[in-house]
């Protein structure tokens, strides 16, 4: 019974995180009202846990003890190192189990076995292939982001709170585990996977590629703001980005991140409640970061385009 509760626990955890990010976003919006100004130790800690990088400047003066609980923002790279290694490990095991007729390790079966599935269900093969495909997409996403962090992005001297850093390290481990718990581990019985490509796989992968391309373009635009035409870094200051989705929103790379997770939900067949809870978590987390960045641009650049939204084009 304990092992079977894993999917429910993950769904509840992602839903709780989504609610927490939504609450933080609402509180932040309230504190940004002209009649209110954040103040006090509790508000200072709240702001410090939300802001990172350039947006730290908008959180007011921070106590010395809070300044000690921070690490360089460039350590974002560690998140993708962990994801490439962990989710690559899960991908190899799942590939062996599905295509080579093997079985998942007992500890993975114990942690991720989901009861209540009909082993004779006609769509069992689809469930297996969908999970394998999403885990592959997640791993490819992490590989691309790692490469961008190492060879494209230009990090300033910005910082993140140690709690944010630890959350980021655990996040991709939890995401990979969320994919794996969708696999009915007891129904293959050593048989190789019969690949069944459905229309939602094609739609999901197409959307994933489209969103990934735009995210990459936007990250290149941000990096080029600090580089000369020859590619040499000449500045660590912030400038107003233009081009691609930056013409409509301040943080198109965050919007693309949301679309990438939505594309994975589509690839899983639309109906996966656990993954949609994760999508809601990504939605409110990225919306929170986008609002803070949008606020930074508006406060620091008087010529900032007024028509731009923070996160979702023409909406928010």
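Note that the numbers count up from 1, one per residue, in the order the chain is shown.
In case you wondered, yes, glycine gets a Cβ from its N, Cα and C as well.
Features as listed in TrEMBL:
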TRANSMEM  6-28  transmembrane segment
TRANSMEM  75-95  transmembrane segment
TRANSMEM  154-173  transmembrane segment
TRANSMEM  193-211  transmembrane segment
DOMAIN    199-316  domain '3-oxo-5-alpha-steroid 4-dehydrogenase C-terminal'
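The predicted model assigns the domain '3-oxo-5-alpha-steroid 4-dehydrogenase C-terminal' (199-316) a mean pLDDT of 96. With a threshold of 8 Å between CB atoms, the same-chain residues lying at least 6 positions outside the transmembrane segment (154-173) that come near it are 48-49, 52-54, 56, 66, 69-76, 78-80, 82-83, 86-87, 138, 142, 223, 226-227, 233, 236-238.
Long-range contacts of the transmembrane segment (75-95) within the same chain: residues 104-105, 108, 131-132, 135-136, 138-139, 142-143, 145-146, 149-150, 155, 160, 165, 168-169, 171-173, 175-177, 179-180, 183, each at least 6 residues beyond the stretch ends and with a Cβ under 8 Å from a Cβ of the stretch.
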